[in-house]
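Report on the structure given below.
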Amino acid sequence: MTTAAPPRPATGRPRRAAGRRAARWPAWRAFLLLTLPMVAGLFLFKYVAIGWGFLLSFNDARGTIALGDWNGLENYRRLLGDPAFTRSLVTILLFTLFIVPVTFALSLGLAVLVNRLRGGRAFFRTTFFIPAAVSYVVGALVWKMSLFSGTPSGVANSLAYLLGYEESIGWVATVDPPLYWIVLVTVRLWLQTGFYMILFLAGIQQIPAQLYEAARVDGAESEGRLFRHITWPMLRNTSVAVVLLLIINAFQAFDEFYNILASNLSGLGGADGRTPLIYLFQTALGEQNYGAGSAGAFVVTVLIVVFTLLQGRFAGFGRTAEEEG
Amino acid sequence: MRKRHLGSYAAVIVFAVPFLLPFYLLVRNALMSKRELGSLDWHWWPETISFQGFADAFGNEAVPLAHALWNSTLISAISAPLSTLLASMAGYALARIPVAASKPAFFFIIATMMVPGAATFIPTFVVVGSLGGVNTMWGLIVPGLFSAFAVLLFRGFYLRFPRELEDAGRVDGLGYLGLYGRLALPNSGALFASLGILSFIEHWNAFLWPLVIGQDPEFWTVQVALSTNLNQQAVNMPALFAGALVAILPLVALFLIAQRWIVRGVLLTGIKG
C-alpha cells in the first residue's frame, strides 16, 4: 500500500532540491578553491595585520611585537607631541599640495602636446613615459650624485656657472632657502609625469572627433576654446582619477626622500625633510618601538583617507556646479 | 597651420631634453673613470671609455650586487605571474560562479583597497615578523602577492566573457574549474600579460618592503643594494652609476619591447607612478 501511494507534488520538491544541492557542491568547491588563496592572503596580510597594528598602537611595545603592555593613548599622545612627527606631517602636506597640481598640469599639457603631433607621436610618448621604468632609488641616485651634486661638474652647477654664478651650490644640503626641495620635486616629476600623461592621452583619444568638428562649425576656432569647452570637460573622470592617485602616492613618499636626504638628515636642522613614512621607519625599525610605529601608521592612514575623501567631495561639488550652470 | 605644428615640435623637444638627460648621465657616468668623473670640469663624454665602474660594482664584497640582482630577478619572476594568477582565479570565481558567498567575498577583497599600502608596512612587518619571515625569501615575496585591484579588473573582464563559449564547454563536460582553466584563463592572455608586466615592474622597483624585511645582505634586492652604495661614506661614483645602469636595463628593455601591453595595463590600473 505504501509503495502504491500516488506520487504527490511534494515528493518532487525534495528530489529537485537534492539535485540542486548536488549541482551546487561543485560550484561551491570551485568557488572556494579559486578564491581561498586571495581571501586568505588578504585576511592575513591586511585584516590581521591592521587589527594587530591597531591593538599594538595602544600598547607599550618596545623591542617586541607582542601585545600585553596596555598604555592607552600614550603612543598617540607622545607621537602628536613630538615636533619631529608633526613637522613630518607638515612636510608631506606641503609636498602634496605642490606636487599634485604641478604633476597634473605638466602631464595634461604633455598629453595635449603629444596628441597634437603629426609624426613622431610614438617616439615622444615613449620619451616621456620611459622614466616610469626607473625606480625611485635610481632616480634619487642620478639627482643627488649627478644632476644636483654639490660639485662644480654637477649639471645644475654647470648651468649655474654658465648663467654667471661662480660658486657651486650644495643643492641637497641647503636648507635655507630650501634648495633641497627642488631636488625632491624634480626627481618625482621626472619619474611620475609620463605615467599620468599616458592616462590623459588615452582620455583625449577617446573623445569623439565629431565634438571638435561641431565646435568648429559653431565658430570655436582657437585651440584654447576647444580645450576649455570640449577637452577639459570630457577629461573629467580621468582628472579625478589622476588627482586621487597623485594624492595617495604623494602621501606615501619614502624612497626618494630616504635616498636623497638619508645621509644628510642630521645636517638638515634635525628632522627637516623627513616624511611621515621615514619617521615611522626610524621609529619602528630603528628604535624598535612598534607601538608608536603602529600608532603613526594609523595617523597617516587616516590622513590619506580624509584627504582622498575631501578630494572626492570637491570633485562632487564641481559636478553639481557644472550641472546647475 | 604649419607654423602651429612647428611650435608644437619646438615645445615637445624642449620638454624631451630634460626627460632624456638623466639617462644620458647614467650611461656617461657609468663609462667614465673615477678620476674623470671626479674632476671639476664638465665633460660631455668620457675621454676613454672605462668599464672599471662595472668591475667595481660587481667586485664590492660589502654590497653583493650580483646576488642582489639574482634576488630581484627571483622575486619579480615569481611574484608577477603568481600574483596575476591568484587575482585571475578570484576574479573568475567572483564573476562567474553563482554562490551565495560571492558578494560578501567581493566586498571582503575590495575593502582592502581603502587602506593605503605604504602606511601598512609596520602592521604587515609585525605579522610577517611574528611568523618568522624576516630575512627569508617568502617574507619578501608572499605579502606582495595579493592585489585586490587586479581582482577587480579580472572580475570586470570575466563578467564580459561570452556565455556561449562557457555553455559549449559545459556541454563538453567541463566543471567550473575546467571552464576557468581551459577556457577563461587561456582567453584572458592580453589582460594577464599587461597586469603581469606591471606587477613585474612594481616588484623590481620596490624599495620600502625589501628594505624592511630583507635586512641581511643575503636578502638584499638590487634597489636595497643601490641604496646602500648611495649612502656610503666614500662613494665609488662610476661603480654607483654602473650598478644603477645594470639595475634599470632589464626594465627599460621590457618597456621598449612590451610598451603596448604596459600602456594597456596602466590604463587598466593606476599602480604606483
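Glycine is no exception: its Cβ is also placed from the backbone N, Cα and C atoms.
TrEMBL labels come from automatic prediction, so no person has curated them.
Noted in TrEMBL for the protein shown:
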- B:69-258: domain 'ABC transmembrane type-1' (DOMAIN)
- B:7-27: transmembrane segment (TRANSMEM)
- B:74-94: transmembrane segment (TRANSMEM)
- B:106-131: transmembrane segment (TRANSMEM)
- B:137-158: transmembrane segment (TRANSMEM)
- B:179-201: transmembrane segment (TRANSMEM)
- B:239-258: transmembrane segment (TRANSMEM)
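Looking at B:7-27, B:74-94, B:106-131, B:179-201, B:239-258, the range that has the most CB pairs within less than 8 A of the transmembrane segment (B:137-158) turns out to be B:74-94. The stretch in closest packing with the transmembrane segment (B:7-27), judged by the count of Cβ pairs under 8 Å and taken from B:74-94, B:179-201, B:239-258, is B:239-258.
Below 8 angstroms of C-beta separation, residues 102, 105-106, 109, 137, 140-141, 144-147, 150-158, 176, 180, 184-185, 188, 191-192, 195-197, 199-200, 203-204, 210, 221 of the same chain, each at least six residues beyond the ends of the transmembrane segment (B:74-94), sit close to that stretch.
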